[in-house]
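Asker: Taken from TrEMBL, the feature compositional bias 'Pro residues' applies to 414-425, 504-514. The compositional bias 'Polar residues' annotation in TrEMBL covers 484-493. Per TrEMBL, compositional bias 'Basic and acidic residues' is recorded for 494-503. What TrEMBL lists as compositional bias 'Acidic residues' is 525-534. The domain 'G-protein coupled receptors family 2 profile 2' feature in TrEMBL is assigned to 57-239. The feature region 'Disordered' is assigned by TrEMBL to 408-564. Annotation source TrEMBL lists transmembrane segment at 60-85, 94-112, 132-155, 175-199, 219-242, 303-323, 366-397.
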Amino acid sequence: MANISSLIGCPKPFLDAADFSSTGYIAGRFCNPVPGFEGLLCCLPCPADQWMYEDDMVRIAYNIIKLSIFGLIVSVFLLTSWAVLPPDKSHRHYLSVGVVSAVALFSLGEVIAVPRTGSPCHDAITPKDMHTSVACAWTGLLFVYGALSNSWWVLMRMIWIHLRICWDRTPGPRFFWISQTLGFGLPAVLLVAGALASGFSYRFGPVCFLNHENAFPVFWGWMIAAASLACIIQGATVVYCVRVYMKSHRVIAGSGAGSGGVTLWLWSIGRRRRETDVGVAAGARRRQWRHIQRVLHTQWRSIVLTAIIMWQGIFFAAVFVMLELEQDRVTHSPKGLEWGLCLIINEGDKNKCLHLAHQLVMNKNLVLASLAMAALTGVEILLLVRSSLFTAWWILLRNPAQYIHTRGWTRSHTPPPHAAPPPKPSAEKAELGNISYDDSAVGMDSTGLGHLGTLDSVGGDEENPPVPPKDGLPLKDSLPPLQTHATGPQGSTRDADDLREPRSPSPMRSPVPGPEGSRGVGTDVDMDPPEAEGPDWVPGWAKGGPSTSPIGRVRSTREKRRED
């Protein structure tokens, strides 16, 4: 800086901004006016991050981003499997589809940047933006949309789990459409707003990010809000589970005797009532804990994956929000001026000034960790890959025609035109009553969304595959019959329902001669549960009046024997 050339122009390594055009991302330049020289604006050569970190920083960042290729492969495999394979093998659910779709877009934005097709700089001092680089535009759009969509799908997943565990409610079609709106619609609106209000440019590494202007209200603020709300909901769910666990395993000690003014008889009545209330409450708590255990057992994959992605999103957002403030510290702080003078004195040898640069920028390991978390997001969805997917693909590749025929039957709930009609029930089955096969477990559910809308009906996204029929019979006919014994007066007991008004035998039960000395044995045929028939389900014996009662047969048989 002591020679005359440094007084005429910018000292090495800085470049004069007047020598370059006003195209590219002008706000991304690291420039400062030189005191005492009006109109002289000296800028740091592009890319600026190479002057603030070690030489291997950019190389390591590129190698980390290559991990997103594997994540993209896993995402495409899962989405293809869910689209092609039947639900009982793929265990698909719209919340899982939303999360994986967002991860696929997020990973695709990083994969585009892997080849390093060109320099991130438009000229010697100006980085490229979305208007001067097609690759920058695509990486920025996919990255921002995938990150926003992923954060909102994680939030909806947390809300779903909270409703299932804490409120014992399965969200229906309304929750489905709200999830689609927040998971895909809201990020699209914010993406358009961000592209118009801020734009994309190369800020660090090979991926374009939102520019500094208006980045927080259109991107980072929404992402942090969704991740924070998901964190709060997860914390409330965990506290609820711990509370129920402690209550269900708490040893309740018996209460002692009352005071001397209360008689023993009144005290015993009150004690029995208290013990009854305590027993009922303890049973309810145990049932509640068993319900939570079932949900946790079937949904542990989704819970773990959602928690990981949520905390990664919070960490990633915090790191890049601090990076947004980095440019102001470099160009307008006294430490930034000291670092610039160090570069001038050492004629552009950055290694002698790195100790000053590290005070201005974020720690190298922290930045690389955030990039690694972003790249590993696609790898973590391996939690959703099941062995049943590979088995189903093997069956499909071995016999595609048979698979397509079976899949068509499963989806349409009606046999194809060339299929043979279903066999008629035999006379023996006709005597047992008209039993219809309910295929709701195979296809659609009460929400009208099918397996794409049910996550926990039989395990949901973690559902167990349906039990195969036995001997060619429908599922309900293949179950073993339930045995109900009617009792006689000789030291045996009878159900309290036998004291009701006598009714004629039910067509759902046929008398079977019992051993000598017994009044008779009845065999119950398994009936459809209420949830299989809908909210207006009425038992078959209740529709036909007294003549079809399932408990009147024992009574009428006893009276007939008395008449004989």
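Just so it is clear, glycine is given a Cβ too, placed from its N, Cα and C backbone atoms.
Unlike curated entries, TrEMBL annotations are predicted automatically.
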Asker: Take the C-beta pairs under 8 A between the transmembrane segment (219-242) and each of 94-112, 132-155, 366-397. Which stretch has the highest count?
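Answerer: Counting Cβ pairs under 8 Å, the winner is 132-155.
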Asker: Restricting to the domain 'G-protein coupled receptors family 2 profile 2' (57-239), what is the model's mean pLDDT?
Answerer: 88
Asker: Would you say the transmembrane segment (366-397) and the transmembrane segment (60-85) are touching, if the rule is that at least three C-beta pairs must lie under 8 angstroms and be 6 or more residues apart?
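Answerer: When sequence-distant Cβ pairs are counted, the transmembrane segment (366-397) touches the transmembrane segment (60-85), since at least 3 lie under 8 Å.
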